[in-house]
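What TrEMBL lists as transmembrane segment is B:21-42, B:281-308, B:329-353, B:379-398. What TrEMBL lists as domain 'MacB-like periplasmic core' is B:21-256. According to TrEMBL, the domain 'ABC3 transporter permease C-terminal' annotation covers B:288-408.
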Amino acid sequence: MTAAIEARSLSRELTGPVPVTLVRDIDLVVEPGEFVAITGPSGSGKSSLLYLLGLLDRPTGGEVLVRGEPTAALTPDQLAAIRLARIGFVFQFHFLLPEFSCLANVEIPIRRLGRLSAAQARDRAAGLLDSLELADHRKKLPEQLSGGQRQRVAIARALANDPPLILADEPTGNLDTRTAHLVFELFGTLAREQGRSIVVVTHDTELAHLADRRVHLVDGRIVP
Amino acid sequence: MALPLGLDIALAHLLHRRRQTLVSLLGVSLGVAFFIGISAMMQGFQKDFIARIIDVQPNIIVKDEVRSAPRQPVERLYPDAAVELRGLKPREEVRGIRGARNMLASLEEMPGVHVAPALSGNLLLRFGGKDVSVNVTGIDPPRERRVTHLEKDLLSGSLDALYTTSNAVILGEGVAAKAGIRTGDLISAVSPVGVMMKLKVVGIFRSNITLMDNFEVYVLLKKAQILANRPNVINRLNIRLDDVEQAAPLAAAIERQYGYRSESWQEQSKNVLGIFVIQNAIMYSTVSAILIVACFGIFNVISTVVFEKTRDIGILKSMGFRDKDIRRIFVMEGLMVGVLGTLIGWLMGWGLIEFMASLKFNMEGFVKAEGFILYRTPLHYVISAAMAIVSATLAAWIPARRASRLNPVDIVRGAG
């Protein structure tokens, strides 16, 4: 089976007066349907690795393969197209557009991709919100929701274009323990029942145990 | 809600910054409105003035002058030598166009050309203890009729009255007003050569060109020759053309052939036409300044939005918006302000013109008018729209480019 995403001796350095290495020689394979947690102390390069895997940032060494296809030679626009159709992001902050209702926020990636008609896009967005128990909040603005609800809207948005890969960067950082648990259980469900690959960065080792596999980073390297 | 996604987002941004958007919208509108209003006023005035001088004055005036002093024989013989002549005394020329009758005849043979001879000079009018210095022009009424508007401009009397009354004179309205002269009055006139004559006023004209109304009087050609003590002399040929655009080339041709200075209407009104150029420059720079200020407004709103919406830009890019998609959103915001501002400005400009048209007052500058002379043309609307929309788009381009270059990693990292 082809890996959903694969990192081959991935490195990222910041050039400057004092060169900083964010991640160093990372080899990582995430299979379809696998739920992986990346843990490590702050500054260990967890988020940097996630951005490299998500094609938001370009490595200074090594390469990222999406479904076995190399990405190093792709243009920024081609990378954007891959992110749009195949990768869903969830961040610590929800990043919902404040002027748009929850429904409209979920619709944005669908409309950007443009494969569905306006009515179909609306139905799909509504369906996603319903499946995340947000049916009553479709018309509400993000500011009218609680933190946990907002993060679930953000997850619905990440799922909008039915991507096989979900990348989450400290998605529970702003949530209370109970809600954080619910979010992680939701990720587990998405992986097990829908076959999506989930990579979650967290510093919470207890939550990380809900994942199938844990990758621990220290100083930009994977340690066993 | 069938708006394209980018438009949707752009609109949301502008509505979010409602007050700032309104201010820059107003700036664009005012720029457009002023452009339309001022253009209509200035071009109305200018076109009216040009129409009047084409109408009222001869299209070409041939004068008994030469443009440059004749070259001396020694200079003609040695064109490359450095010759210095001292104590050179110009010969006293008898003024007047020599061979004017022949010239008149041959010019009249040309199609579309009407010629009238004239002798003009100075005259001092004396009436009721007041002296008024004027230009007197001796005319030949049947020919004059075809060349100038004098007959149509007469407020009272007729050109033929010059024949029927002895020593008849037609005065400009301003001349008459200055000395309190009315039709039928008898005035005494003294010419520079000392000829005195009693003249009877048979008509008063108003051309609405202030300079003419205040300084011109007309008598028969014969009388002018007597006043100037120059029998049979003509010092001007006034020419009117069916096609006024031919004035400049024909004037040049006449001057080449006969050697006398021939001025087309453009040359006669050169200083006024020159003022128009300056006027236009001032107008366009003023209006451009308004639009530039408006563009700073647009630049300001969109820069603020880009700054405020950094997080949104970050998430949009991470979810797969390309640089150009982001740029398009913000350029569209400028475009929307530009287009909407233009539409409002059109309405305001139209209102401004109608308001100016409703004003009535007496104005006396180069010309007399009873209110603004307005020139209405769709061209002004098109030009103002093009200027407003192009500059609004340019003003939005700079912050839009900055937004498109933001690195999503810098934004999503650590925002929380």
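Just so you know, glycine gets a Cβ as well, placed from its N, Cα and C.
Tertiary neighbourhood of the transmembrane segment (B:329-353): same-chain residues 6-7, 9-11, 13-14, 21, 24-37, 40, 294, 298, 301-302, 305-306, 374, 376, 380-381, 384-385, 388-397, 399-400, 403-404, selected by CB-CB distance under 8 Å and a gap of 6+ residues from either end. DSSP labels the residues of the domain 'ABC3 transporter permease C-terminal' (B:288-408) in these numbers: 95 helix, 5 strand, 21 coil.
Within the same chain, residues 13-14, 16-17, 20-21, 23-24, 27-28, 30-32, 34-35, 38-39, 42, 330, 333-334, 337-338, 341, 387-388, 391-392, 394-396, 398-400, 402-403 sit at least 6 positions outside the transmembrane segment (B:281-308) and bring their C-beta atoms closer than 8 Å to a C-beta of that stretch.
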